[in-house]
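Per TrEMBL, these features apply:
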type	residues	note
BINDING	R22, E85, R124, K459	(6S)-5-formyl-5,6,7,8-tetrahydrofolate binding site
BINDING	231-236, 250-256, 275-278, 335-338	GTP binding site
BINDING	N231, T250, V252, T255	K(+) binding site
BINDING	S235, T256	Mg(2+) binding site
DOMAIN	221-380	domain 'TrmE-type G'
Amino acid sequence: MDYDTIAAISTPIGEGAISIVRLSGPKAVMIADSLFHGSRSLSEAASHTIHYGKIVDPETQQTVEEVMVSVMRKPKTFTREDVVEINCHGGLTSVSRVLELVLNQDVRLAEPGEFTKRAFLNGRIDLSQAEAVMDLIRAKTDQAMNVAMSQMEGKLSALVRELRQQLLDILAAVEVNIDYPEYDDAEVMTSQTLYDKALGVRRHLDRVLSTARQGKILREGLSTVIVGRPNVGKSSLLNQLVHESKAIVTDVPGTTRDVIEEYVNIRGVPLKLVDTAGIRDTDDRVEKIGVSRSKQLLKSAELVLLLINGHEPLTDEDRALFRLIGDTPTVVLINKADLSLKISIDEVKRLSGSHPVLQTSMIDEKGLDELEKTVASFIFSDQASANSETYVSNTRHIALLKQARSALDDAINAADQGMPVDMAQIDIKRAWELLGEIIGDTVSDRLINELFSKFCLGK
Ligand code: GDP
Ligand code: ZN
């Protein structure tokens, strides 16, 4: 299909030494050429070549920018259309000037995600791959990046296609049995064989879904709360974690003013530290926050780091915190282990139940390695490393996989009760369709527009 020509700045605004204006569409080369002065015209340039020259304002004949221009002709491009990338050296002003000149021609400013959307619409990538592009842009750790990468390379798509093929095989066999009951070569599809086959697919689906928890955590971070009474070392721990990790420390704008989220990367597990504002602030504020605030924070926590001061006997406030954490995955840290131990380790262990207890010191950095190891073990089982598998990480994909599983369960139950095989047909067809939505085989235009509008501009 032929679309109009679009353009946008496709590098992060204000960062990096080079900014790129990207054009895609039937007129991309012609339009770039009309602004470009170099040793030869871009229209004559071979595909996948790069050219040095100047961008000149056609009205004033003024040189706006010194550039390197890549010419990539369809179909071997990201969008499968003609693509031109104008690499500008100057800062934001000059790249904006170049974009402005481009947009004065017969070109439209690209919507967020529109380049990727074209790649999808032109069949270059499927929907789950397009979504991976978005994840890549937002990846918070190398592992999250790996997950997105393998999804972009189509590993999830391949899995989904395989599952769909298995469902199709069942459907085909049911069909043959209904239409040609006396056809000898056809495999006879009794409710027993249907049951067995559907169960096989279900097991496969379960394996894929079992990676969802890890995948989601890698993608979104594990909501982590640091609790402990005043002066036990919460701020010190936070500083250690932030310092140790090559972390992205972000304030999330638009959230409640006093809730700040920071991400730290613990052996590939992104921890989303919640309400670090309370911890960073002066300790009299922390005192005011007290147990009731902790209670509220703990409700949404997926991981708790509970600190107690090993240099003092346990207090009732410590004991109250132990009761609050309940079943939430927790690491108990007996801090200030560099000082003499005045706490009853036995009582701490008793209160901790099955939660691991570590001794730490923020002064001589004792126990931090073990803390990291313990945190990572919450997410990855012993041997599995963060990059060993294809993880399902996207909430939309997980939801669809679960719906497909429940449709399949309906078919399995029907077969189990000895219902005629064509009864199960509808459910299996439904499972097949739901899986198709993951890769974009069976999705509506509205959904597609919604998904792509979440992308960054210029991607
Ligand atoms: P918070 O109130 O829980 O945030 O505790 P802070 O991190 O502000 O620490 C309170 C005081 O304890 C500070 O003077 C820290 O230097 C000190 N502190 C924190 N961790 C340790 C530790 O492991 N050993 C020792 N000796 N002092 C520590
Ligand atoms: Zn503090």
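Cβ coordinates are placed from backbone N, Cα and C, and glycine is handled just like the others.
With a CB cut-off of under 6 A applied against ligand 1, the binding-site residues R22, E85, R124, K234, S235 are reduced to K234, S235. For ligand 2, the binding-site residues lying close by, meaning a CB under 6 A from one of its atoms, are S235; the full candidate list was R22, E85, R124, N231, S235, K336. A separation of roughly 56 Å, to the nearest angstrom, links the Cα atoms of K336 (GTP binding site) and E85 ((6S)-5-formyl-5,6,7,8-tetrahydrofolate binding site). For the domain 'TrmE-type G' (221-380), the model gives a mean pLDDT of 79. Under the three-state DSSP scheme, K336 (GTP binding site) falls in the coil class.
In this view, the densest Cβ surroundings among the binding-site residues N231, S235 belong to S235, judged by other Cβ atoms lying within 10 Å. The subset of binding-site residues (R22, E85, R124) lying with their Cα within 10 Å of the Cα of S235 (Mg(2+) binding site) is empty, i.e. none.
Listed binding-site residues: R22, R124, K234, K336. The one with the lowest count of other Cβ atoms within 10 Å of its Cβ is R124. E85 ((6S)-5-formyl-5,6,7,8-tetrahydrofolate binding site) carries a strand DSSP state (E or B). On a Cα basis, R124 ((6S)-5-formyl-5,6,7,8-tetrahydrofolate binding site) lies 57 Å away from N231 (GTP binding site). Within 10 Å of the C-beta of E85 ((6S)-5-formyl-5,6,7,8-tetrahydrofolate binding site) there are 20 other C-beta atoms, taking all protein chains into account. Reduced to three states, the DSSP call for N231 (GTP binding site) is coil.
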